[in-house]
Amino acid sequence: MNESGRVEAFSDGVFAIAITLLILDIKVPKADGPGGLWHALGAQWPSYAAYVVSFLVIGIMWVNHHQVFSYVARVDRALMFLNLLVLMVVAAVPWPTAMLAEYLREDRASHVAAAVYSLVMVAMALAFQALWWHLTRTGHLFDPRVDAPAARATRIRFALGSLGYPLTVGLAFVSAPLTLAAHGLLALYYGFNQVPVPTREAAAPS
């Protein structure tokens, strides 16, 4: 296994653990009778909503992480530390997810929980952006397929896409459910608009 393969394998393990931990916060409700169980299941909708959104966030982050590292031929010390920074935030996602699910239906507490959740998402976006900027700074870590100057030119586009995350911190003090929905939409945006890794084959005229 090459250097980048070891980093990616370790990262896959962290992503897998973080995404699995999300379901552990959805508890089996206690209720008397079938009707009571349906009511108890419905009352847990904040946990379901928070689980789905955070699953999308981590899952799509993993897809983009895999997309980027499939073009990385070698790693340096800075890249390893930046990748650890990304993983540190990913591993933290179950915590604000559980907090937001717990307080989503409350008034003032829901705003604080949504703001904390949004701040974690901001940290994740900044960490991944720092990793991408380091990779594209010189391009020497990419394999020969990558058009390094073209990859470097995507940094502004990538940064513009991250501007939505700080806005959700302000939205958190307006509506916690809307904040959660906004993070779901941002995750879907990055799901359909993956991190661009321009290759020489794609740039070559047909």
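Glycine is treated like the rest: Cβ placed from N, Cα and C.
Quantities reported herein were computed from a predicted structural model and do not represent experimental measurements.
Both TYR103 and ASP143 carry topological domain labels in Swiss-Prot, but the labels differ, so the record puts them on opposite sides of the membrane.
Sparsest Cβ environment among the recorded sites LEU21, LEU24 (other Cβ atoms counted within 10 Å): LEU24.
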